[in-house]
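The following features are taken from TrEMBL:
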REGION    1-37  region 'Disordered'
COMPBIAS  23-37  compositional bias 'Polar residues'
DOMAIN    44-128  domain 'GDP/GTP exchange factor Sec2 N-terminal'
COILED    46-130  coiled coil
COMPBIAS  135-151  compositional bias 'Polar residues'
REGION    135-176  region 'Disordered'
COMPBIAS  163-176  compositional bias 'Polar residues'
Amino acid sequence: MPSKGDKEEPEGGCQDAGGVHEPQSTEQLNVSRLRSSSVEIREKGSEFLRDELHKAQKELKLKDKECERLSKVREQLEQELEELTASLFEEAHKMVREANTKQAAAEKQLREARGKIDMLQAEVTALKTLVITSTPSSPNRELHPQLQSPSKGGFRKGHGRNKSTSSAMVSAASQNVAPEPVSSECREVDSILFAEFQAWKESPTLDKSCSFLDRIYREDVGPCLDFTKQELSELVRVAVEQNTLTIEPVASQAVPVGKVAAEECGGPNGFRSQIVTKCALSGLPRTCKHRIMLGDSGNYYYISPSCRARITAVCNFFTYIRYIQQGLVRQDVELMYWEVMRLRREMSLAKLGFYPSEM
């Protein structure tokens with residue numbers, strides 16, 4: 001049997017072996033713990049980085065969208081700026097063109113106004129000379145041709161002016177009937193006509209709505225300017241009212257061969273002293289010694305002596321009432337009334353076909 005010493009030795013050896021393995025297991029445990037902790041940290045770090053990456057991607061997308069929106073806004077602004085610039089340039093050019101047009105029109109009107117002023121000044125001077133030398137006791141026979149004696153028979157020729165307001169006050173009697181002396185002519189004032197003239201004389205106007213001019217338009221002016229060619233007759237009436245009608249004699253020149261057949265203005269466009277062609281107002285073949293132009297159209301219309309006498313009679317009437325309206329006639333009301341009646345008689349005779357041989 002083994003002794004007690006022998007039994008105690010194995011126990012001591014077992015204790016030594018257990019003491020050696022205990023530090024090793026603790027170290028392995030620590031290593032495994034460190035490994036698990038590092039794995040856990042790595043996983044958390046990866047997850048955090050993924051989250052940050054997603055956030056960064058979302059922010060990048062938002063910024064891309066914002067950049068795209070701003071780019072569209074910039075393109076739209078650039079387009080609007082180009083359109084605005086183009087419209088401004090176009091408006092500027094339009095304003096320049098309008099300014100040039102207005103300036104040219106103003107210069108033309110200024111030239112025309114100066115010409116009319118010169119013409120009116122000459123007319124006023126001549127009229128003042130006639131009016132000043134005419135009094136009720138000693139009337140001027142040039143201003144009142146009805147006072148001329150039979151020995152001075154014939155018909156008074158007109159002035160050399162061309163405008164309708166400057167037409168000659170031609171006596172509208174028949175060439176076969178000599179004017180009678182004033183002593184053998186009986187006159188009586190019509191109370192209605194005289195009252196209408198007096199009412200008009202208080203406030204002279206060219207508005208044909210007043211009773212005085214309305215009657216004359218209906219009884220004299222309208223019938224006197226009522227020609228066969230209605231459309232041209234209306235244009236002539238408007239030109240006479242607006243003082244833009246020109247009557248001029250036909251110049252003595254040969255008619256160009258290429259212009260003889262022109263018919264748009266009632267006759268050839270060439271010139272010669274007497275032209276046998278269709279009258280533009282009556283449409284009848286007549287010897288046309290004069291032609292008319294309406295305003296500044298540049299178109300001439302050849303007219304017969306009878307048509308010229310009718311137009312001239314109306315022009316003479318408008319000339320006289322314009323002088324009254326402008327205060328250039330300083331006479332007694334009754335004398336002015338009888339002058340208006342004389343002019344109305346001229347229109348009536350011209351309408352009936354009577355005109356001087358000088359026409």
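Cβ coordinates come from backbone N, Cα and C, glycine included.
TrEMBL does not curate its annotations; it predicts them automatically.
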Next item on the list: For the domain 'GDP/GTP exchange factor Sec2 N-terminal' (44-128), give the DSSP counts of helix residues, strand residues and coil residues.
Entry: 85 helix, 0 strand, 0 coil
Checklist line | the compositional bias 'Polar residues' (23-37), counted residue by residue under DSSP: helix, strand, coil | finding: 15 helix, 0 strand, 0 coil
